[in-house]
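Colleague: I'd like to ask you about the structure that follows.
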Ligand SMILES: CC(C)(COP(=O)(O)OP(=O)(O)OC[C@H]1O[C@@H](n2cnc3c(N)ncnc32)[C@H](O)[C@@H]1OP(=O)(O)O)[C@@H](O)C(=O)NCCC(=O)NCCS
């Protein structure tokens, strides 16, 4: 089941984030995201196992963060959550942007499968645990592509 994130989900969501990120968001950031952004979670057998945070901005949106609990990865949940979260966006965005670590091949693969493509590189953008920096890949999904596909059906 996919539903909007609530304040009572934040501890679980923050724990998932801590398992997968070297520089995780804080509880405070997740609490703010419930109020300020479109935040969704995916449940498996009644347990929250992933989340997705999208920021609508006028006629666009930014994908700020998403993760699936490591024990549940590789089963299609990330793709389902991303597709459903984009569907739920109320501002009917023309484009959705995101930034992702260049080394994060799983996320890049997921985003490509969901229709995103690379448009730029931001050099030395992300901090690494060893103190060095890593490039960000900037990706975009054009939502008008989805509409044109609908019209072709
Ligand atoms: C990125 C992430 C959300 C993917 O979630 P997931 O549920 O494991 O992904 P899915 O099973 O839905 O896979 C969807 C597609 O992603 C790609 N993918 C997923 N895992 C992959 C891997 N380990 N290597 C390469 N591609 C991968 C594939 O294209 C896959 O499609 P396919 O199964 O048809 O080949 C998950 O790996 C994760 O939480 N990672 C840590 C947090 C993170 O990096 N978040 C994104 C940056 S903010």
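Just so it is clear, glycine is given a Cβ too, placed from its N, Cα and C backbone atoms.
Sequence annotations record features per position, and here TrEMBL assigns active site, proton acceptor to 99. The feature active site, proton donor is assigned by TrEMBL to 111. Taken from TrEMBL, the feature acetyl-CoA binding site covers 66, 67, 68, 104. The annotation domain 'N-acetyltransferase' is assigned in TrEMBL to 1-144.
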Colleague: Taking the centroid of the Cβ atoms of 66, 67, 68, 104 (acetyl-CoA site), which other same-chain residues have Cβ within 8 Å of it?
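Modeller: Here the nearby residues are 20, 50, 65, 78, 106, 107, 110.
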Colleague: What counts of helix, strand and coil residues does DSSP assign across the domain 'N-acetyltransferase' (1-144)?
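Modeller: The counts are 50 helix, 58 strand, 36 coil.
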Colleague: Using Cβ atoms only, which residues of the same chain lie under 8 Å from residue 66 (acetyl-CoA binding site) while being at least 6 residues apart in sequence?
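Modeller: Listed in sequence order: 50, 51, 52, 53, 78, 81, 82, 85.
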Colleague: I'm trying to understand the geometry here, so how far is the Cα atom of residue 67 (acetyl-CoA binding site) from the Cα atom of residue 111 (active site, proton donor), in Å to the nearest whole number?
Modeller: 12
